[in-house]
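This report refers to the structure that appears directly beneath it.
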Amino acid sequence: MTDVDVYRKRLERIEELLLELSESAERGAVIIVEGKRDILSMKKLGIKGSFELATRYSLFNFSERVASLGCEVIILTDWDRRGDLLAAKLSEYFENFGVKPDLQIRNKLKLISQKEIKDIESLYTYVSKLRVKTGSSLNSEYETNLEFER
């Protein structure tokens, strides 16, 4: 398998996860990130929806407020030490409030990126680089989403 094939497979897997994330967001899921740059990266990737910054309030109060919304919760914190701790703590709080948060997308992105990136804000740049390396362009789903964002 050539490097291009490896990059192509990685790009396909990331785009599948982004599509899954986009569909969840359209159904009303709340996406929890750490910072404003994370939101910007997600929007550049065509993800529209409700984003919440986990770092603006106490985690207990934040989790209680988001849990009271009664919607699906997707935790998309960075995969550095701080992000791992934050994801674990948020998950614990949400479960105490009766909400089972989705950590699968975060965990799969962490695995796929193979330590080439460690945060959500770098995801757009990483995907762009993979597209250049593989000769791919934005797929029509993301082009459509980006057109609405402009």
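For all residues, glycine too, the Cβ spot is worked out from N, Cα and C.
Because the structure is a prediction, the values reported are computed rather than measured.
The domain 'Toprim' annotation in Swiss-Prot covers 28-109. Look at Swiss-Prot and you will find Glu34, Asp78 tagged as Mg(2+) 1 binding site, backed by sequence analysis. Feature annotation from Swiss-Prot assigns Mg(2+) 2 binding site to Asp78, Asp80.
Here the features listed in Swiss-Prot are placed on the structure.
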residue: Glu34; record: Mg(2+) 1 binding site; Cβ within 10 Å: 22
residue: Asp78; record: Mg(2+) 1 binding site; Cβ within 10 Å: 23
residue: Asp80; record: Mg(2+) 2 binding site; Cβ within 10 Å: 13
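DSSP assigns Asp80 (Mg(2+) 2 binding site) to coil in the three-state reduction, outside any helix or strand. If you measure from the Cα atom of Glu34 (Mg(2+) 1 binding site) to that of Asp80 (Mg(2+) 2 binding site), you get 12 Å.
Across the domain 'Toprim' (28-109), the DSSP tally of helix, strand and coil residues reads 40 helix, 12 strand, 30 coil.
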